[in-house]
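A quick write-up on the structure given underneath.
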């Protein structure tokens, strides 16, 4: 991602940033202070930082040897995807895993960060409203930006999609311009100016900025600013709506994409097992009870779905959840069958048994100090511990036909969720999840965490999404990109209706903002206790990969930028792109060696 490019960062500053906010495998790119026009790749290796020089010859990018690439983005993508290629002279493998992104240049929601021109066109054309616009990063020139605007004219002729105009925004000396004499202090100032005046294309036609296309992606470390933006009221003809309402309404409209089959829950023999007749599990992700008589229709049914963070790679995510409805009298035995077959060791209950006089969940555990039989299993409640926010029960479960096989299960019941709405502040929920995760991580062979409320979608979805986002940030670092709306869409594709209300949607934002703030403070304390020292790394290439891949040429770039519609003169930076610095290059060719 181009947002790993930090235009104003020195080597010592890069080390401080990577050690203070990154994790092993975090990396960033920055301009070289030694050779103008070159770049440096700074990578955290365990607790240290190594710096790799990147040559920009004017025709290609490389590491003073090895593969050659058309763009800086392609070079970084290659070494990110081809793990094990880079190593220090001492043989230490240098892994590029997690981009440490720079802060967004603006908190405005029309800023989309790292998307390609093609992706921008797809978004704007799907919107279909002429003069809708967004701002994104330039893939071809790190540190610059692109203003993409949907025109009012078809791209190729009648019936074709509307044309999208891409206008490059250069950043020079901390000021922004589309060319010519007009410069601005910020992207926001530039956009606000051209919203009033329009932008004249080379053809003489004007491009207008009338309707922003809002993004939901945000740099995790900047989420507090996004919360402030979303809290702002947007004036309309009849009422003022905040950004949270807009985002949640947009999310609700996309539910039509999740029309997966729910046939098992609709079968007559299973209707009595559903707490709410229309809240049913998707067939493709439902938990199927094992060891049941196939001659008994519906015997393998329970209203529960597997949920996984599909936005993380398989090597980044080891956690699976089961989102379930609260137990009915008729489903308690099935619930314990599910817990046993899945080897679940942690159960999270986010409701009281009765709230406002309404039954939310049948108690499916015995009283403390007692034992009960549930179907094929014996369950003992050996201990209960009360805290200000939740109750922890320590349970033992064993099959009736093998009493010597005993598993311990920790049952966390959150008691501080109000009957309506959400908690007034997220600290209690974050502490609750921290305890749950510590327990789960202490059990290396434990199965999925079962999470339930009453219907198994509202509070359940909120808790799961918060935990997923916390895990992503903990894995990738504070400066990773997160997308709360996209995360909810992803879990809704696995269980219908997850995260039910705008209040729950906003609570996720507020919870993650507090998690980020707390994590920053912890990292500052840790970093203040560590020393810092590093130097430029000397990179070698393992023999097996020295020439295993074809070299990329300038003409083979995957990131072909669109024709930019800028008028006026070229920027000074563009005029310098093709200049050679052969004398400087010769001095640095010794910084890499082949094994």
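Glycine is no exception: its Cβ is also placed from the backbone N, Cα and C atoms.
Looking only at the domain 'SH2 1' (4-100), the predicted model's pLDDT averages out at 86. Residues annotated as domain 'SH2 1' in Swiss-Prot, with sequence analysis given as evidence: 4-100.
Per Swiss-Prot, the feature phosphoserine maps to 10 (among others); the stated evidence is similarity to another entry. When secondary structure is read from DSSP and collapsed to three states, residue 10 (phosphoserine) falls in the coil class.
The annotation phosphoserine is assigned in Swiss-Prot to 57 (among others) on the grounds of a large-scale study or a structure entry. DSSP assigns residue 57 (phosphoserine) to coil, not to a helix or a strand. Within 10 Å of the Cβ of residue 57 (phosphoserine) there are 15 other Cβ atoms, across all protein chains.
Residues or ranges marked as phosphotyrosine by Swiss-Prot: 64 (among others).
Long-range Cβ neighbours of residue 377 (phosphotyrosine) (same chain, at least 6 residues apart, Cβ-Cβ under 8 Å): 336, 337, 340, 397, 398, 399, 400. Under the three-state DSSP scheme, residue 377 (phosphotyrosine) falls in the strand class. If you look up Swiss-Prot, you'll see 377 (among others) marked as phosphotyrosine.
Annotated phosphothreonine per Swiss-Prot: 394, in sequence order, evidence recorded as similarity to another entry. In this view, residue 394 (phosphothreonine) is surrounded by 15 other Cβ atoms within 10 Å of its Cβ, with every protein chain counted.
The annotation phosphotyrosine is assigned in Swiss-Prot to 536 (among others) on the grounds of a large-scale study or a structure entry.
If you look up Swiss-Prot, you'll see 536-595 marked as region 'Disordered'.
Look at Swiss-Prot and you will find 558-589 tagged as compositional bias 'Basic and acidic residues'.
Sequence annotations record features per position, and here Swiss-Prot assigns phosphotyrosine to 564 (among others).
Mapped onto DSSP helix, strand and coil, the domain 'SH2 1' (4-100) counts 22 helix, 30 strand, 45 coil. Of the candidate modified residues, 10, 57, 64, the one lying closest to residue 394 (phosphothreonine) when CA atoms are compared is 10. For the pair residue 64 (phosphotyrosine) and residue 57 (phosphoserine), the C-alpha distance works out to 10 angstrom.
Separation of the C-alpha atoms of residue 57 (phosphoserine) and residue 10 (phosphoserine): 21 Å, rounded to the nearest whole number.
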